[in-house]
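**Q** OK, TrEMBL features for this one:
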- 1-20: region 'Disordered' (REGION)
- 28-49: transmembrane segment (TRANSMEM)
- 61-82: transmembrane segment (TRANSMEM)
- 102-125: transmembrane segment (TRANSMEM)
- 146-164: transmembrane segment (TRANSMEM)
- 215-237: transmembrane segment (TRANSMEM)
Amino acid sequence: MSHAHPAPTAPARTPTPVSSPAPLWRQALAEGVGTALLVAIVVGSGIMAERMSPGDAGLQLLQNSLATTLGLAVLIVVLQPVSGAHFNPVVTLADRALGARLGAGAIGSFIAAQIGGGVLGGMLANAMFAVPTTIATTARATPANLLAEVVATAGLVLVIFALVRTGRAHLAGPAVGAYIGAAYWFTASTSFANPAVTIGRIFSDTFAGIEPASAGLFIVAQLVGAAIAVGLVHLLWPRGRAR
């Protein structure tokens, strides 16, 4: 005689917590800290490269680009859950243009934090290497470099929002880091591609520095590149919405 056995009960599942957006002050803090550390990486590794490899510009650029590639990727992975890890005013503006629900207050807070963080990051790098904080004197605004900034920034924004619109934003850290590492070498300007970083680099008259007049023209070129990228994102991935 067979006995019926009760069907096994499926184990209870703990509901997956739904994360809510961080308050604006926390997002802005993440943007400021992230941008400060990014500029410290760019400027600090440039100073170290000059000291370790004097007279070898190619090796200096390799050292600087490697540190920036790795550092940027890590910063994005760490801070993306808090603010989206823009660290870049043109990314914030492009995010809004592509449909993100960022109000004017949030945009202003992000950009102010990014620029302030960039300036502090440049000063921090100087302090770590006992270099005085002075205005950079390196002129960089040649026609070739300005074109390079348009291309570098357009490519950066395109990479970011291609990932966002195809549901792969979690890959932004390694993808953006790799793109910037490559752009160091295929653009004549070494790919600043970021107004906040450009402003931060004004305050260090070292390997990574840029004089103010050149910085202003670089920022104009970066805005043009971002606008081109926004148009391309609309054409290539028309149905998604940036978050």
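Note: Cβ is positioned from N, Cα and C throughout, glycine not excepted.
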**Q** Under 8 Å between C-beta atoms and at least six residues away from its ends: which parts of the chain pack against the transmembrane segment (146-164)?
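**A** Distal contacts: 88, 90-91, 94-95, 98, 171-172, 175-176, 179-180, 183, 187-189, 191-194, 217-218, 220-226, 228-230, 232-233, 236-237, 240, 242-243.
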**Q** For the transmembrane segment (61-82) and the transmembrane segment (28-49), does the number of C-beta pairs under 8 Å, pairs 6 or more apart in sequence, reach 3 or more?
**A** yes
**Q** Please indicate, using numbers and ranges, the residues of the same chain that are 6 or more beyond the transmembrane segment (215-237) and have a C-beta under 8 Å from a C-beta there.
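**A** Distant contacts of the transmembrane segment (215-237): 90-91, 93-94, 97-98, 140-141, 145-147, 149-158, 161-162, 165-166, 189, 192-195, 198-199, 201-202.
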**Q** Any residues 6+ beyond the ends of the transmembrane segment (28-49) with a Cβ under 8 Å from its own?
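**A** Residues 22, 59-61, 63-64, 66-68, 71-72, 75-76, 79, 82-83, 85-88, 109-110, 112-118, 120-122, 124-126, 128-129, 131, 196-197, 200-201, 204, 206-209.
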